[in-house]
Amino acid sequence: MASVGTLAFDEYGRPFLIIKDQDRKSRLMGLEALKSHIMAAKAVANTMRTSLGPNGLDKMMVDKDGDVTITNDGATILSMMDVDHQIAKLMVELSKSQDDEIGDGTTGVVVLAGALLEEAEQLLDRGIHPIRIADGYEQAARIAIQHLDKISDKVLVDINNPEPLIQTAKTTLGSKVINSCHRQMAEIAVNAVLTVADMERRDVDFELIKVEGKVGGRLEDTKLIKGVIVDKDFSHPQMPKKVVDAKIAILTCPFEPPKPKTKHKLDVMSVEDYKALQKYEKEKFEEMIKQIKETGANLAICQWGFDDEANHLLLQNGLPAVRWVGGPEIELIAIATGGRIVPRFSELTSEKLGFAGVVQEISFGTTKDKMLVIEKCKNSRAVTIFIRGGNKMIIEEAKRSLHDALCVIRNLIRDNRVVYGGGAAEISCALAVSQEADKCPTLEQYAMRAFADALEVIPMALSENSGMNPIQTMTEVRARQVKESNPALGIDCLHKGSNDMQYQHVIETLIGKKQQISLATQMVRMILKIDDIRKPGESEE
């Protein structure tokens, strides 16, 4: 092992260690280290703050290759931000955790963590120990989560009445670039989830929902297809563009004459030899096509390609085919059509065929772009959301927005309790934490009050982004919540003339809101317990 330093002795013979390269290392300790962390976290949170809510602004991210992404999604913004500070990287991870677990609320969790650290900075300046602040935050988070359980309402999750789910999805999509048609998008997301949901296990398999996009048309042209869309076309332009009552052979084996496993060499010495080889290949192809047709199949979908000669023979024998279909699409087609994937040609039987009511090739506008749509499948639990849009950026943002909406609906199927948005839940929790703080006889009381103040940053950011006076709006709503004992009163971001979020149908999932508070508190607690940073300094040239 490499030596880390040199052992030396003082004048009394006592040993001490001189650590190597200590002069080239930077070190921050105590309050200075904490302030450095808080400053980095605040910088990230302040960047995200303007993206919060239905009137939140989008961010344009340009990567090293010059590719542009315009997005409102917190996790996407943070993942594309080029951050160097260690704590800023932790904020990125925090947002990713929220995205992986819940799928929505990624901006809010970062803004809340930044507000908690900002409040902690003021307490540190007043001489309160970081551990006491962390403990106070922990107590306050527990109270807030218990209070959320008390003020939550249940939403009826019923396939025959999807309206409550649509209203929740609309809240999620309200802040996105697709909010011009968010009712339509919410309906598409809800129908997709309810189609594939397993209501007995209360779970949703996202593998059965495929999201495809094609540039052209308008966002309003987006539709839900009860089947699979593949970004391929029939292998020959003269093949029929539509196959009705398709019996599909799903092949992952090469569509070509078999090759010996061992190394081999074939000498073609004359024209006759070459013709004989060509004849053998043709006979073998015809034999394979005959084998497919004997099973009753009238469409072949291959993972691998086949040459032009085979393509011509398929056309001659009236067997439409699709080549170079990717692995995930092959699996989805097999699930949707109820077919079995055939890895060896010899194993193909009629029992392994998939069934679809219609397989057709569709074209787009004046371009040569074509796609294959497989509909009316045997298993109706596989769906595709097909997005249209003016450019690639809008389609990518629509995909991210729909991902958030799909996650929110899945969370409602798992746990159908909701709280009201527009900052209503945060204001109610802040009031509950403040009341409990007054009963706390220890120093943690200050931290609990600071936690309540931090919770109010979310509704203040919402009102600020909506062009209101944040302090005045916040004061009025807080006073009304206490006076009317109504935890559904929040910020009227859309200027509809009512602060009642229940009336406005601004709904958020309870599981998502709990996760926000819990993750932000854990993160802040971890940061407050760091009091020493050592990192290598700039190397001397």
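Placement of Cβ uses the backbone N, Cα and C atoms for every residue, glycine included.
Swiss-Prot names Thr106, Thr107, Gly422 for binding ATP. Of Gly53, Gly354, Gly357, Gly497, the residue it gives for the same site is Gly53. Reported as a whole number, the C-alpha separation between Asp492 (ADP binding site) and Gly422 (ATP binding site) equals 7 Å. Within its own chain, Thr107 (ATP binding site) has Met48, Ser51, Leu52, Gly56, Asn72, Asp73, Gly74, Ile77, Ser95 as residues 6 or more apart in sequence whose C-beta sits under 8 angstroms from its own. Following the DSSP three-state reduction, the secondary structure of Thr107 (ATP binding site) is helix.
Between the C-alpha atoms of Lys210 (SUMO2 cross-link) and Lys392 (SUMO2 cross-link), the distance comes to 18 Å. Annotation for Lys279 (SUMO2 cross-link): no spatial neighbours, criterion Cβ-Cβ under 8 Å with sequence separation of six or more.
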